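According to Swiss-Prot:
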type	residues	note
ACT_SITE	Cys82	active site, nucleophile
ACT_SITE	His192	active site
ACT_SITE	Glu194	active site
DOMAIN	7-210	domain 'Glutamine amidotransferase type-1'
Amino acid sequence: MASTNQKVVIIDTGCANVSSVRFAIERLGYTVTISKETSVVLNADKLFLPGVGTASEAMKNLQERDLVELVKQVDKPLLGICLGMQLLGALSEEQGQNGKELVPCLHLCDAPIKKLKTGNLPLPHMGWNTITPIDNHPLFQGIPAGSYFYFVHSYAMPVSTGVNDYTIAQCEYGQPFSAAIQSGNYYGVQFHPERSSKAGSQLIKNFLEM
């Protein structure tokens, strides 16, 4: 079990409401720092990368705050949440209102970010849904099968197959998509664990105790 004295940092991207993530971590007994300073980020034991809005706006924010290369230098466990998970991918279809080209993201995970094809189901995918994690992954330890998590999104990473197997949990909403990923020390969840009741709290606890 990791110590609650470890350095926990939420990266200050300028494109996220970090309060709910901070409170969820503090409820578990940890002290949280919100920062974009190089020394603070690189000395952290665990990091969170939250995000809201569009991929194009978020990447612009990261560039303006000199965070793109900094995030790539992180060698400790980092958890991207919602848009923060998508930013870990390669190219996003979510360009914003005036964009026509794919948005280059951090490319820490070799995955595209595509608009969900939901048939008659409405977009965004908003509300509670179940996920199917891979067996015995530590991020989902102690979380009962069939647990619900809270989603708000219109874009997602496909479920991975083959050599670049990044999917560690999947969800179904008109089509299967990656609900959680791992690429080395970078983790991501498409749902909001900080808004997902006991299951979400357990997931955050698991991440902090890795």
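Glycine too: its Cβ is placed from the backbone N, Cα and C atoms.
It should be emphasised that the depicted structure is a prediction, and the values quoted were computed from it without experimental measurement.
Sequence features annotated in Swiss-Prot and their locations in the structure.
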| residue | record | CB count, 10 Å |
| --- | --- | --- |
| Cys82 | active site, nucleophile | 24 |
| His192 | active site | 20 |
| Glu194 | active site | 24 |
